[in-house]
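Enquirer: Here it is, the structure in full.
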C-alpha cells in the first residue's frame, strides 16, 4: 500500500484528561472549531497542539460557569460531560429565523466573508486597469461562484443596458461577409443555445512567480482562474447564419463595447470546431457585469484576454490584427530578446488548493489533499501528487465530471505524520503532455516571460503545520 | 455490431433528427437579426491592421501632437511618456542602433529595469488603432482621426523615431513602420497558437516532462522561498480563509474585522468610480482629496462642489476635465462632497 494512503484514525478513543471523552469522537478534540482564537492558532503554528485539549476544557468550563446560576443548571452540570454546543441550546436552535426573501438575491453566510476576490497590492497602479484574484483556497468542486470569478479589466467595468447592446458581424473585406448583420440581445437569445462548462485563465496567471516566489497564497499565485457553465450560441452557427465565407476566412477579430473596445485575434480553426461561443449565460443566470454582461466571447482553452467581454463586433478576416493586447502585452519575452506573439493556449497545469500557502494544518493525522487541474488542449487524463517534493508520486483520484477544457478536481487522502513535507501536483492531459517542473520551463523560456507559467507548484509543510510557498526546479 | 451499439446509434440519429426538427422560425434562424447599414459599419468597423488596412486618411504634425499630449495625455503618462504612476512608461529603452536592426537590444538584458511600450511594439498600426479606440483612458474615442495622427507623431518623436518637423499621414506611416525599433522582435515559432496560419508554428510544445513515479530525483532542493517581508504584504491571511475545516489561515497582520468598519462614504466613492481618479493623499488623474479639503477649508462652497461633481468640468486644478457623473444621485453627491471636505476619512 502506498505510504500516502491514510493509516486509519490514530487518535485513541479514550483520553484520561477529558471526562467522558470516550463518549465523544476523537475528531471533536482535534478540531475545536470556532473557539480557536488567533492566539491559539498562533500556538498551533508554534507546534503546540496539546493546548487544543486544554482550550476545549476551558471553553466547556466557562460555559458551565456562565450558566450555573441560571435556569439551565442541569445543562451546566452536563457541560462537563461534553460539548456545550451539543449539551446547551444554541441561539439558532432556540429562536425564530429570518423570513423568505429577506435577501431577494441570496448572499453567502456572514461567516464566509473572508473568501472574496482580492487585489495583489502593488501589482498595478490603478484599480480600473487591474486584476482581482479568486479565492481558490476556499472553493470546492470545479464551478466558481459568479461573484467570486476573477476580474481583469483594462478600462474599468461597465454595466451595459442590455436593451441597447448590439452585436455586429462583418468582414475585413466585403466578400467575407456579403451582408454584414446586426443582432440585438432579443435576436441572440432566440437562437438555439448550448451550455458548456469551461475554465478561463488569464495568460498572466502565476506570472508573478516566474523568477522566484513572490506571493503567499494560492489566491495570488493561481487565482486568475475560474470555471463556469456558459450558455450562448456557437460562433460558427452565427457566422453560418450570416453567410460568412468560412473557407476564405483565416482569423476573426473580436471587439468589446466598453471604453477599451478590447480586440483580439482568434484562429478560424477554433471557431470551426464549434467550441467558440457568443455567451450571455453564466452558471444559470446572465453574465455578471464584471464578466461582460450582457455578451462575451467564450474561447475554450485559450487565455482569458481573448474571451472579449461586452462583445459588440466580430470581424471575419484573413490576417492577424496585432491588436494592443497581442502586440504590446500578452507577448512572451524569451531569453534571446524575442517575444513570442499570439501565444494563446493555456497548457496543462494543476495546483493543490488545500492545504496551500498561508494555511496552517491544525493537527497531525488524516487530511485530504485537494486541487485543480486543467488543460487548454483537452481533458485531464491523470494527476499525480507528491509529498516529498517530486521524488515519489502517487496517482490522485479525479472527481467527475472530467470535461475538455474545464477544471477537473483531484483528491488524495494523506496522513500527515507531523514531519516537514513538500506537496506538489503534476497533471497530464489527453494529448499526453505532462505539466513541466520550474527547471524545465525556465530552461526554454527563461524567467521574464510574464505569461503562461504552468510550472509545478510546491507547498512546503513545516513541522509547525504552517504551509508556505516555495519553488523546486 | 452489438445490439446496444445499434441502439446507441439509433438514439443518436434520432437525437440529431430532433435537433433538426426542433421548432424553428418560419424563415429559419438565419432570418434573425438584420443587415447592418453602411453608416453603422463605418461607426464601428474601426480596426487598423498591421498591413494598414482600415487606416483612415488623415495627417498630424509633431507640434500639434505636443499640444494634444500636454492637454490630454501627460497627466497620466508624464510629459515625456515616462511616467510610472498610472501605467507603465510608454517611451524609453530604445536606441538609434535598434532603429537600424529592428531588434531592441535592451530586451536581452536581465538587468534592464523596465519594458516600455516602444521597446516591445513591432507594428505602428497597433498604436494608431489603440489610441483611436481607447485613449485618453477617461474619454475614449474622443479624438478625431487627425488628432490621433498628431499625438502618435508626437509619441514617435519622443521615442526618437521621427524628427521634430515630421508630419504623420496615412502614407508616411508606412515609412515609420520601417523604423520601429522592435519591428523584428516578434516570433510565432511556438506551439501556443490554436490555429495553423502563422510561419514557424511549432507542432510540439517546448517542454516535455514525463510521468515518473518513484525515485525520480535524488533529493528535493528548494530554489526559492517566500521572502519574510512578503509574508504580510497581502493583509492578514487568517482572514482570507474559513473559520472551519482542516486548516486555518496564518495570522500575518492585524485583524481588520475587529477594527472599525470602513466608512460608508468610502464605499460609496469606490462604488461610484471616484477612486480611479482620486486618492486621499496622492494625485492620480484628479486632485487628491486632502488637497481639495485643504483648498476649500472654511469656504462653505459644498453646494458648488456638488454641482461640479454632477456636471464635471475642468480648470480649477488643471486642464484635465472631470467627466460628468450622470448616474450619481444628488444625495450621494452631497454625501461624497461632505466626506471629501472632512478630509475623506477611511473609517
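Each residue, glycine too, has its Cβ placed from N, Cα and C.
TrEMBL lists these features:
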SIGNAL    B:1-26  signal peptide
DOMAIN    B:60-159  domain 'Cytochrome c'
DOMAIN    B:257-344  domain 'Cytochrome c'
BINDING   B:274, B:278, B:322  heme c binding site
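Situate these features within the shown structure.
Expert: Within 10 Å of the Cβ of residue B:274 (heme c binding site) there are 21 other Cβ atoms, across all protein chains.
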Enquirer: Which chain neighbours of the heme c site, leaving out B:274, B:278, B:322, have a Cβ atom within 8 Å of the mean position of the site's Cβ atoms?
Expert: B:273, B:275, B:276, B:277, B:285, B:286, B:309
Enquirer: So what's the mean pLDDT when you look at the domain 'Cytochrome c' (B:257-344)?
Expert: 85
Enquirer: Mind computing the max CA-CA distance among B:274, B:278, B:322, which the record assigns to heme c binding, rounded to whole Å?
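Expert: That value is 10 Å for the farthest Cα pair.
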